[in-house]
Structures are given as structure tokens and as C-alpha cells.
Amino acid sequence: METGNQTHAPEFLLLGFSATSEIQFIVFGLFLSMYLVTFTGNLLIILAICSDSHLHTPMYFFLSNLSFADLCFTSTTVPKMLLNILTQNKFITYAGCLSQIFFFTSFGCLDNLLLTVMAYDRFMAICHPLHYTVIMNPRLCGLLILGSWCISVMGSLLETLTVLRLSFCTKMEIPHFFCDLLEVLKLACSDTFINNVVIYFATGVLGVIPFTGIFFSYYKIVFSILRISSAGRKHKAFSTCGSHLSVVTLFYGTGFGVYLSSAATPSSRTSLVASVMYTMVTPMLNPFIYSLRNTDMKRALGRLLSRATFFNGDITAGLS
């Protein structure tokens, strides 16, 4: 087994959606539109929560952090892909590839942990409502967010640093629009046993354990809701969890699906489409899922847009 550092590949070729220039133009327009919707939607969620005192609660505090993580998660891959399509240059440097792996993994893990924290928050609110405000105090909420950030960064750093020990072959083509870690490992000439061990360990700690926590939380939540006698209270309890459960299903369904399939079989068009689903579609849909199903969020967004319109009108009147 080779353990020493060897000469690294200067560049990787991101094949992405290889197609004619006409189709590339359509792909560019589609992905640019999706990115702008994702960026705007998540930014509006953050601004609405920060500007409305009625939303200064643990649930919305976690939601604002999730929106920020989604915004950053998408921004690690999509702008580079759009630049590659625009310039017709699909190469990425070795340092750029490692940076993309680190930030992509960091924000992906952060998304995962924040969904777990939000499931715990709903568990406390529904199963232990009398103790909710005491337990979910600002100090604990801050520690949960800080812990999620630290664990995500450390896990991503561990996976990224193990790539530094690898040397690569001459064929440097990645059949994705970003530097996916598993695809990069397939290009290595040196032994990747340690890398695979680290990935399986990180997947267990940062993937399986949080998913188990979410599953257990909703198991307890469902049984608590079924014991409620009032139909109105049942509906309200289910509605507060519906948005989060939809996002969890979309995130895990696409994420686990693409990584399990790419680890077992060679890359395919299906894997590429699944990558688009969890890197672009899921972060884009999250603001719609949380805002359209939430009356408080819709009101906060309405007030935010009204203030923005009023402020813009004042500026226009002042200039004229």
C-alpha cells in the first residue's frame, strides 16, 4: 500500500452534462434560474425570521440556519458549473477540487444535523409541551447549532485530508458537474482503503445516527399525536411537522440513493440526475415547503416585502 505523497494531478475534467452547444445554453438557463430561485428563497426566509420578532423561537431559529446551510450548499457547486458552461472550460484545479469537496461535505453534513436538531425540537414541542420552553432555551439552541457546525467541519476535514495522500492516474475525468468525493477516489492510482474506511465511518456517524434520531423522534411524535382526542389539535400538530418531514424525505431519499448507487455501480445518467436533485432541487424547494404550509411564515414574508416596497417607494420619491 502506498502511503507517501506523490505528484498530484494538476486538473480534473468535470464532464457534467455533455451535450451540444444549443442544449448547453438551455441547461445554463435552467440551472441559473434554479440557483437564483434557491438563493432568493432562502435569503427571504432568513430575512423574514430575523426581522419578525414573532418568529424568534427555536423552530424558526433552526429554520433560518437550515436556509443559510442550503444557500451555501448550493453555492459550493452551482456557480462553478455555470461558469464552466459559460466559458466552455470544464477543468477544475486540484486545490479547487479539494476545496469543493470540503465545503460541499461540510454544508451537506450541516444540513443533515440541522434536520436532526429540528426533529428533536418538534419532539420536545409535541411530546413534552409543558417543559418545552424550559428545555429549549436560547443557550441550548445556540449549543446545538454550534455543535452541528463543529461536527460538520471536523467530519468534512477528515474526509478531505485523507485525499491528500493519494496519487492519481492519467485519466482525470469526473462524470459529474462537481468534485464528488467517491468519483475522485475512483481516479486514484494509490490504495484507497483508508479513505473508504473514513467515508464509511463518517457516513455512520454523520448519516445513519442522525437519521435514526429523526426516525425515533417521529415515531414518538406520531404516537403522541394519536393520543390527542381533539381533531383540531391533531391537525395542528401534524401540520407543524409536515413541512419538516417533507424536507427530510426529499433530502434523504435523493442523498442516500445517489451515494449508495454510485458506491455499488459505475456512474450513470441516473446518478447525475439524482445529484442535481439533492444539490439543487431540494434546497430550492425547501423555502416553498416551509413558507406555503406555514401561516406565520407567510405573514412574515408579506410584512418583509411590504416594508421593502415601502422603502423602495420612499427612495424613488426622494430621487424624483
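Heads up, the Cβ atoms here are built off N, Cα and C, so glycines get one too.
According to TrEMBL, the protein carries these features:
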{"type": "DOMAIN", "residues": "41-290", "note": "domain 'G-protein coupled receptors family 1 profile'"}
{"type": "TRANSMEM", "residues": "23-47", "note": "transmembrane segment"}
{"type": "TRANSMEM", "residues": "59-79", "note": "transmembrane segment"}
{"type": "TRANSMEM", "residues": "91-120", "note": "transmembrane segment"}
{"type": "TRANSMEM", "residues": "140-158", "note": "transmembrane segment"}
{"type": "TRANSMEM", "residues": "197-219", "note": "transmembrane segment"}
{"type": "TRANSMEM", "residues": "240-260", "note": "transmembrane segment"}
{"type": "TRANSMEM", "residues": "272-292", "note": "transmembrane segment"}
| task | Look over the recorded stretches 91-120, 140-158, 197-219, 272-292 and say which has the most C-beta pairs under 8 A to the transmembrane segment (59-79). | result | 91-120
| Does the transmembrane segment (272-292) reach the transmembrane segment (140-158), going by 3 or more CB pairs under 8 Å (6 or more apart in sequence)? | no
| field | Confidence summary for the domain 'G-protein coupled receptors family 1 profile' (41-290), mean pLDDT rounded | value | 87
| field | Contacting positions for the transmembrane segment (197-219) when only residues 6+ beyond its ends and CB under 8 Å are counted | value | 109, 112-113, 115-116, 119-120, 122-123, 151-152, 155, 158-159, 162, 181-182, 241, 245, 248, 252, 256, 259
| said: Six or more residues beyond either end and a Cβ under 8 Å away: which residues meet both conditions relative to the transmembrane segment (140-158)? | reply: 58, 61-62, 65, 101-103, 105-107, 109-110, 113-114, 117, 120, 198, 202, 205-206
